[in-house]
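In case it helps, TrEMBL gives these features for our protein:
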BINDING   ASP16, GLU18, ASP212  Mg(2+) binding site
BINDING   SER153, SER154, LYS187  substrate binding site
Amino acid sequence: MATVSLPAGTSSLLLDIEGTTTPITFVKDILFPYIREHLEDYLSTHWEEDECKQDVHLLKKQIEEDMKQNRSCPVHTVDQTVHTDEEKAIREVVENVLWQMAADRKSTALKQLQGHMWRAAYASGRIKGELYHDVTPAIKRWKAQGLKVYIYSSGSVEAQKLLFGYSVEGDVLDLFDGHFDTTIGAKVEAKSYERITQRIGCQPEEITFLTDVTREAKAAEEAGVNVVVVVRPGNMELTDDERAHYNLITSFNQLELTGRD
């Protein structure tokens, strides 16, 4: 693919993670299976700790919201107050988490619990965050040319920082100027990008968003943000119309910054 020039007024780059900085296979084949395999043991070990109680409380609120919206969900509701049958309560949490994961839910409650579980796995060295080879060198070039670089992912900010803090290339967190997750809004909603623009403190046209998901790209465009769609192995196939509409890259090395030394 040809090089893509960033608009001359670009001051910030906003990066997706899955399928953009990091292979989808890392998330699907390593991170998610880790949760499924260790979830019940993790809950049993940490059930009485405040952090775990808060995670369960958030899950309960999510279930209540799902029921109000008439969304399908497991029959059981999560009840942190069930002390007489702790195993039953834990099984209900496990059932709900696995259901959300199977449905590819992006709920903040789910992402928070996952982030807390991954923290221990990263810290122990059982997991290291994978990055495409072109990512770190490109970000270093962008930073040297005066650009700010932010992350926006459906994974919690904590999970994002773990991935980059315990990456295969070591701790690369200092490459980023900030992180955003679904607490600022869903990635397929234009208002989320408007809020990010306000938080960063610049105009929408000064931001370029890199993602592999065209629904996210469309939402960013609606907010006035520039978009580049990243085509990586294993990413969802683009339609002919999408290929014609968006600027496409297969590597961060294809991005050119015009008007900068």
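Please read every residue number as a count from 1 along the shown chain.
For all residues, glycine too, the Cβ spot is worked out from N, Cα and C.
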Beyond the listed site residues ASP16, GLU18, ASP212, identify every same-chain residue whose Cβ lies within 8 Å of the center of their Cβ atoms for the Mg(2+) site.
ILE17, GLY19, THR20, THR21, THR22, ILE24, SER153, THR211, VAL213, GLU216, VAL230, ASN235
Of ASP16, GLU18, ASP212, which binding-site residues come within 10 Å of SER154 (substrate binding site), going by C-alpha to C-alpha distance?
ASP16, GLU18
In Å, rounded, how far does the Cα of LYS187 (substrate binding site) sit from the Cα of ASP16 (Mg(2+) binding site)?
10
In Å, rounded, how far does the Cα of GLU18 (Mg(2+) binding site) sit from the Cα of SER153 (substrate binding site)?
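Spelling it out, the Cα of GLU18 (Mg(2+) binding site) and the Cα of SER153 (substrate binding site) are 8 Å apart.
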How many Å lie between the Cα of ASP16 (Mg(2+) binding site) and the Cα of SER153 (substrate binding site)?
5
With an 8 Å cut-off on Cβ-Cβ distance and a minimum sequence separation of at least 6, pull the same-chain contacts of ASP212 (Mg(2+) binding site), or say none.
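ASP16, GLU18, GLY19, THR20, VAL229, VAL230, VAL231, ARG232, ASN235, MET236 - these are the non-local Cβ neighbours of ASP212 (Mg(2+) binding site), listed in sequence order.
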Can you check which residues sit near SER153 (substrate binding site), meaning Cβ under 8 Å from its Cβ, same chain, 6 or more apart in sequence, and list them in order?
ASP16, ILE17, GLU18, ALA159, GLN160, HIS179, PHE180, ASP181, LYS187
Specify all same-chain residues, apart from the site residues SER153, SER154, LYS187, whose Cβ lies within 8 angstroms of the center of the Cβ atoms of the substrate site, ordered by sequence.
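In sequence order, the nearby non-listed residues are ASP16, ILE17, GLU18, LYS106, TYR152, GLY155, ASP181, THR182, GLU216.
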